[in-house]
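Annotation source TrEMBL lists domain 'DYW' at 793-866. Per TrEMBL, repeat 'PPR' is recorded for 160-194, 230-260, 261-295, 331-361, 362-396, 562-596.
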Amino acid sequence: MAFSAKTPRSLIKSDLPSPIHRKFRKPKFLYFSNRRKTHQISSTQPQQQLSFLNTNSLNSSDPNSHLHLLCINGKLQEALNYLDSIQELQIPLDEDTAIGMVRLCEWKKAFEEGSKVYFYVSNSSNCLSLRLGNAFLSMFVRFGKLGDAWYVFGKMLERDVFSWNVLISGYAKKGFFDEALCLYHRMLWVGFKPDVYTFPCVLRTCGAVPNLERGKEVHVHVIRFGFEADVDVINSLITMYVKCGDLPKARLLFDKMARRDRISWNAIISGYFENGEYLEGIRLFFKMREHWFDPDLMTMASVISACESLGDERLGREIHGYVIVTGMSADVSVCNSLIQMYFSLGCWETAEKVFDRMEWRDVVSWTAMISGYENNVLPDKALDTYRMMELHGFVPDEITLASVLSACAYLGKLDMGIKLHELAKRTGFISYIIVANTLVDMYSKCKCIDKALEVFHSIPDKDVISWTAIILGLRLNNRCFEALIFFRQMKVSLKPNSVTLVSVLSACARIGGLMCGKEIHAYALRTGMALDGFLPNALLDMYIRCGRMGPAWNQFNSQKKDVSAWNILLTGYAQRGQGKLAVEFFNRMIKSNVSPDEITFIPLLCACSKSEMVTEGLKYFNSMELTYGVTPNLKHYACVVDLLGCAGQLEEAYEFIQEMPIKPDAAIWGALLNACRIHRQVELGEFAAQRIFESDRRSVGYYVLLCNLYANSGKWDEVAKVRKMMKDNGLVIDPGCSWVEVKGKIHAFLSGDDFRPQINEINALLEGIYEKMRLAGLGGPKCDSMDGVEISRAEIFCGHSERLAVAFGLINTVPGTPIWVTKNLYMCQSCHSTIKFISKIVRREISVRDTEEFHHFKDGICSCGDVEILGKALTNRTSERN
């Protein structure tokens, strides 16, 4: 007989010490009278199990009779005290009395007391009778003490089918399915014939594994022993087959049943639902009604869940009506299923009505509302409902906490998230992995990545979701190097899913990790995940952001071309300032019968703005609602302001804002401020800045724009004031950082980092280039035409880290190899001129992607056309960085 590592390994030998014997001291004397009775042991309720004792025959002068009476009256502690007393008098203990005490302990769930009774009995004899052994066996199985039950089983002189049934069910309930099946076969081998109670337990075990071959074998035994007409056994067979995925066999059994009960219908209906055959399950539900079987609460809960899975609102409302007519709407579980169904269908108002009409609610009801709001992107309502739940005195469970934490993450409610974290610690729910994973996500999205790492490292058994959450969190907090390191660690012990790969590809795209992205692409192809979910579009996005339009087109042509794929490629053209190509691609999208969405027009308008295609941009904006049925939102209005402003039409841009049908946000005023900076319109720029700081004082990009506006106009006192505002508000500018990939490895360079390996070689190379620039009359990186303020401003808002990355690439690659650099800040005029010169003298193609666009340098010419570089379009800094 095979046993798992968790299975008790006691052998069936009576001379071995019992694991219970170590718990109690041995009494001085103990006698046990093994007088047999002919009555059958009852298997009904515990109180009924004690009713076989005939109180009329009890003699108060008989200690055993008095002990019987105490057991009948449920006085366990008095019975134990009395048992101690009669042992001192060496009075033998009657078997019926012992059985009564055992059943009383089982009824009161008193394990320690039951173990004490067993200790007294086992010391009087090395063996147990059938009836007493079955009583102890049932008690220990009820307590989940399989080791003790196994020891009792071994001490029994004889056993019956009940003994085997109890032990088999005990192992099955504790999840030891293989051991339960082995016990069943052992039972057959020693010659016991299974009964009507054996097969349901064994068949449930086969379904739980699931093991269809074993199930079929048991089915043969059912026929062999003549139980093929028993309704309970056939119901168990149906359940086993549906759990093992063999619906045709289950349906065949169901159709051949001469007599069915409600459980038969529930088994086959739920079986179809569990195997995704929702429509056939619904048909059987209506057929059940035709056969005059009334569904019970279990039936209705599964039917409501099927309506949810089908996404059929009309059918769901019809079922809801039936629930009301039959009076089941008073049941909490049915109402909870209705709430979940309506939220899943997007009918959250109807879900609210169901919730409000409930006479009483449980924690599942509140959790259904909170998670429903959170899934329907109504986080404010989720938090309000949680506060109401607390006021009504309900204690949240782990699902509640996870849902509320998700709402906090969406809203950035760090304070409330910290309180929920403390609550999870106090209640012990922090041990649930769903709570820990959601905490990692919450802290990551609230920009507390170190706290997220602390929670992550405290999780003992991390799953795929744990790793994915921390990888995505590191990416969101611009710690992409660490995200890649964690991904490699994860692959040692777990297989990542498509969501994990999407998160890692985002990190690769952020720092230009092309080779790492290609490795993930190859891994996705090997594992068959290359077409899963959003992964094809994530691969396309990675190639676009790494500047590889050729591989991006290959990926685009090999995948499903949904609107997201078109949008990603359109964004690639916008980042390169290729307005005409973007327009041509958009027209091709329309001819391919792909309807644009609201996202489509953002890169399209940005491409028109960068190429100064004002007329075309306005045409597409005006056609959004009329031609394509897309209502412009704040982002589209910001694009139009940028379109007009960058073209020098500041008055038109301001009038456009004034005539907007919706209230402008900080991003729209930021677009106007950027245009004022470009064209040095201080007064209008100050007005835009005032509007911005009324609603947003935390975004660094707006302060940078205002600084540059004043600096371009020579207002250095105002620059100092803005810098002081930033300092007072605790705002700092991220240090310049650039990444370059050399031989498949990504290298990072921080501004002013003088401790990197090869830093001396890098500085020597750059000094040589600066000398050549001066000899060529270009003045070097800090020419006389740049005043001190301009140089300081470039140091702060650029950092020049891309120069270090380019020099490192030149040193460590063979001549002629293209160099690809990604940067977290904008590129200043000085760096732009320097890299232009480098590309000419070394005859290399150099690409630098800053926060706004790609700069492709070749033979001293940049793809941007040498338009004004300094701080261009820094409005994008306020949104999530690319």
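Each position is counted from 1, following the chain as shown.
Just so you know, glycine gets a Cβ as well, placed from its N, Cα and C.
Counting only same-chain residues 6+ beyond the ends of the repeat 'PPR' (230-260), those with a CB under 8 A from a CB of the stretch are 196, 199-200, 203-204, 206-208, 210-212, 215, 218-219, 222, 267-268, 270-272, 274-275, 277, 291, 293. Secondary structure of the domain 'DYW' (793-866), assigned with DSSP and counted as helix (H, G, I), strand (E, B) and coil, comes to 30 helix, 16 strand, 28 coil. In the predicted model, residues of the domain 'DYW' (793-866) average a pLDDT of 86. Panel annotation: around the repeat 'PPR' (562-596), residues 534, 536-537, 540-541, 544, 549, 552-553, 556, 603-604, 606-608, 610-613, 616, 620, 628, 630, 849, 852-854, 856, 863-865 of the same chain, lying at least six beyond its termini, place a Cβ under 8 Å from a Cβ of the stretch. In the repeat 'PPR' (331-361), helix, strand and coil residues by DSSP number 23 helix, 0 strand, 8 coil.
Secondary structure counts, DSSP: the repeat 'PPR' (230-260) has 23 helix, 0 strand, 8 coil.
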